[in-house]
Each structure stands twice: as C-alpha cells, then as structure tokens.
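Written out below as structure tokens is the structure these notes cover.
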Amino acid sequence: MDLSNLTLTKIQELVLTKKCKIYDILLAYKNNYELNKDINGYIEFFDDSLEIAKRYDDFLRNCELEDLPLIGMLIAVKDNISIQDKSLTCASEILKGYISPYDATVIKRLKNKGAILIGRTNMDEFAMGSTCEFSYYGATLNPLNREYVIGGSSGGSAAVVAAFQAPFSLGSDTGGSVRLPASFSGILGFKPSYGGLSRYGLASYASSFDQIGFFAHSIEDIALILKHTCGADKMDSTSVDIFDDFYPLKIESLQGKNLAVIKELGEDLMDKNVASSFAKFKFDLLSKGINIKEVSIEEINFILSIYYTISPVEASSNLARYTGLCYGKRMSENLSLNDFYFKHRSNFLSEEVKRRIVLGNYLLSEGYDSKYYSKACEILQNLIIPKFNKLFESCDFIITPTSFVKPFRAGLDFDDPVKMYYSDICTVIANLIGAPAISLPYSKDKEGLSIGMQIIGRSKKDFELLSFSKNVIRELGLNGI
C-alpha cells in the first residue's frame, strides 16, 4: 500500500485499526517531499512533527479515540496562518525571522483535536498574486507540468497535496486563492462562507474578503475538518456558526436540483479548452436530471473593478504595520523615522505588494475616496449582494469554470498584472457575496493540465454545498483518491 496516497479518513481508519502507525504514514509523505523538493511547495517541513507522530502512536497503544477525533490527521499550513513557536513570514523578506507567539484559532482547534501540523507552505507574498511566483522563497511549480504555474496565492498548499507531500492543507482565499490553484493542480479547493472559520491568526490582506480554506483529495476530508474548525470565536467578531444538518454528508440523487449559469460569463470569453469543458460539465449535469437556467446579472461586469478597488485599499491599511519596528527583519542604519520606513518597505517588499499598497493609498487620497472606494462599497452592498441573494431564492447553486484560462507558462505574466487579475473573474464572486464555493477537478487538456469547475452555494450553507459536491463527484465519476 502506498502510504502517501491516502485521504485523512483512510489514514485514521488504518491508524485506529492498528494496521499502520502515524509515524510511518508521515514518513512516507516526508520522503515524497525529499524526492521532489524542486516543486517548492514547502517553505519548511516540521521535523518535530515526526516526534509528535511517535507520541500519538504511543498514546493509541494504550487508549481509545475519544477526545481526539482528528488524531493522525496530517495537515500542511500556508505561511500566513499563525502557528505558535513557528516562523510566520507570509513569504516576504520583511517578516524574515519572525516567530509567531500564538496559534490561530483554526490551528488551536486542530491541535486540540489531535491533528498534526507537518509544515508551512509557500505562497504569493502577503497573498497577493494568482501564480505563486511572487514569493521571497521562489516560485512554486505545478506538479502536473513544471513549466506551468500552479496558481495562487495558496500555490504551495495546493502543490503539496497534488504532489502527495501532504494529504490535506490549509490555504487562504481572498479572491480565489484556494480555488484557482486547486483547479490548476487537479485537486479539491474549498472556500467556506465568510466568517465560517475564525480569521484570528490569519495575516490580513483584505479583511472584508479573507477566509481560510482547504485543499484535499476527498470531500469527506473537507467536511470533517470543517466540522471541527468552524464556528464563532470570541477573538473574531466577524465569525459565525455555520454547522448544519447536512453533516454527515449523504448520498442523494441530483435529480431536480436547480443550478444557475451567469449569461455575462459566456463561453466566448473563455479559453477554448475551458469553454468545451464547461459545456460538457453542463451536459453531464443535465443528463442527471439537474435543471440549469441561464440568468443575466449585468452587474457582473463590475465584479473585478470592485474587488481590485476594495482589496488594495484594505491591504494598504493592513500592511501599514510592517514598518521594521515591531516585526521581522530590521535595518541597522541610522535614519530619520520617515526615511527608515521608506527604505525598509522599499527594500523588503516585492513589486506586486508595493503596487497594491500604492494603489490602495491612491484610492483613499483626498478627492478620490468618494469617487472610487466609497462607490465600490455602495455598488457591492446595494446592487451586487442583493442581486445574488435574489438569485439564490430560485436556484440552489451557481456553476462557473473556476478560471476562464488554463494554467499558463511560468514567468510569462510578470509585466502584465491586469491579465493576472483577470484570472480571478469567476472566483471573486463568492468572496464579494460571502458565499461558500468549491473547485472540483473536472478534466485535463492534451498537455495534462487540469481544468476545474466551480460550484457556489448559499451563504452559511457550507455543508449543503459539500453534500451536493460529493454527489456530483459520485454521479459524474470524477477522479479522486
């Protein structure tokens, strides 16, 4: 048996029936990492995870599973989620050397229930990017074809799962940063409803949209980890309870479900391979008795403009704290305070991060706030969110391709940020309206590159979305472990 080709639930089954040790399974994943380090999915593999695995093996020798429902579950973590006594750099030179003094709420909940954190993963610096090429630690490669990007910003978390260097990983999703790399690497990528998981301990990019998300090979794994990490948290006033009676996930017919397709996201806008895959996806669903209707949402044309107005404004505020005085790397030069700030941030932040900070400050400057930022917030709250709420009164889910484009060749788009931003057009919808969404691996092109399909659910109905997705995978025979 290949011990590095398992779901979390299968790992726990083997461990609890004494057929395998946690240590041996973890070692198999570590060996895969050692053999394929060039993928650059991990910034750091935690050596102490092997000691923790040994300790849990000893514990299981004498005890039964009760208070540790996640024992033996191995999870990699994106480098913008705080783990006590571990480095936290957000893949930026400006935070080099910073050690987190506390656990994020999601991390604390995982640890308290027996999960083992096995490493921190690469990302676009401060989660700003769609390719995972904007990292201080270098680009992460796509395990399916190393000449192509993995997608971002959570590319490292996607890569370690796709390359069987971890069975499960945490990422963060602000505008598609979990779903896009999941689509590009042929695995599942799930973004919960806004507030479904506490953001306490997640380094902030755009606080109105940021959400911790999951990568996996199994819907059941996603549902299990969501069950044990979701819920309100006193450390995050935006967190909410989302657990519902759709868990445990049930096997049900797809017959009679109502799906919506957005007219303005037409196939003429897509790469031809994506368009043909999406057409086949719709045909497959129709053949299972699902109803699909095309709806017009003219406001969809504002989606990217709104996202790339609000998110850099919030980023410029959130990243103002990285001055060199409190966190991470610090210069020793004798400068005035303003000169110190200027030189420190100029030297240790990447061009993409500086681009978004400058844009955010410009949009907040006198005379432009009401013209751009306030107007974007007004359109989002008064037009877009109500329009989608109305749509969900007559449909169960919305389907789109995860991305209009296939994975593109690495290194091609550094000088064309607008083209990179365009890859988010389908995924930002769920972030703007606070809804759960998932990317399912659906097809591959002749180069072996993956094309994913996205399903968006109702806000705070995350388990309903996962249940439906499980049945789509089952009835369409989509590949998985």
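Glycine residues also receive a Cβ, built from the backbone N, Cα and C atoms like all the rest.
Listed in Swiss-Prot:
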ACT_SITE  Lys78  active site, charge relay system
ACT_SITE  Ser153  active site, charge relay system
ACT_SITE  Ser177  active site, acyl-ester intermediate
**OP:** Measure the Cβ-based neighbour count of Ser177 (active site, acyl-ester intermediate), defined as the other Cβ atoms within 10 Å of its Cβ.
**Re:** 37
Subject >> Inter-residue Cα distance where the pair is Ser153 (active site, charge relay system) and Lys78 (active site, charge relay system), in Å >> reply: 10
Subject >> Lowest local Cβ density among Lys78, Ser153, which the record lists as active-site residues, within 10 Å >> reply: Lys78
**OP:** Kindly assign Ser153 (active site, charge relay system) to one of the three DSSP-derived states: helix, strand or coil.
**Re:** coil
